[in-house]
Amino acid sequence: MSEVTTNEYNEDGKLIRKIRSFVRREGRLTKGQENAMKECWPTMGIDYQKQLLDWKEVFGNDNPVVLEIGFGMGASLVEMAKNAPEKNFFGIEVHSPGVGACLSDAREAGISNLRVMCHDAVEVFEHMIPNDSLATLQLFFPDPWHKKRHHKRRIVQLEFAEMVRQKLIPNEGIFHMATDWENYAEHMIEIMNQAPGYRNIAEAGDYIPRPEERPLTKFEARGHRLGHGVWDIKFKRVS
């Protein structure tokens, strides 16, 4: 895989230069992860190609598609797929051990409504995801880039929000974000309030309680015990 970069923006959210949003990180796979990659990739893995996907062809049905960017080790994604067999789940992750772990868990769970990719998310969106096709886009706990001088590297920017909007089903699709970094939550709200074609679906304030469909991770549960917050945000595509 060639090296990729993230996008960098100015204070107005305008693209300054392309530095890809995710970098493919190779890592050492455990034997279990390696076996899962070999055994499960033919049925659950999707190779990158500059060609739009046909969701019915990918999953064998017309069920709603939930896409997650950066699923980590995949435990939550597998749990969501197991709990919602009436939906299709599509995960993109650049860390190959995470993809292997996800496939291993998916095999153990016996689910068939999950597909995964190991590639740069922006390239996948640009070349493979059909417009107006996603029921939900999930972005859970992305890199917060804590230092102020690095805030421009955060994936949630106006151009990214527009890219997501184009892929969501009109007047129906949901962009669901979650972060445990309050400053990033505020940044997400600021960007999404500026992004055209969206409406915050929170009934009171900017944030929503953790939805039942998003599993509570071990890391998150530990954070709760220590008094750390987590902010869930949902915006609906309205135009």
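Glycine is treated like the rest: Cβ placed from N, Cα and C.
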With GLU93, ASP120, ASP143 listed by Swiss-Prot as binding S-adenosyl-L-methionine, identify the candidate in GLU68, GLU79, GLU159, GLU162 belonging to that site. GLU68
Residues near THR217 (substrate binding site) by Cβ (under 8 Å) yet at least 6 apart in sequence within the same chain, in sequence order, are ALA75, SER76
In whole Å, could you give the widest CA to CA gap in the substrate site formed by LYS147, ASP180, THR217, LYS218, PHE219, GLU220? 26
Secondary structure at GLU68 (S-adenosyl-L-methionine binding site), reduced by DSSP to three states: strand
Please report the Cα separation of LYS147 (substrate binding site) and GLU68 (S-adenosyl-L-methionine binding site) in Å, rounded to an integer. 25
Widest Cα span across the S-adenosyl-L-methionine binders GLU68, GLU93, ASP120, ASP143, in Å? 15
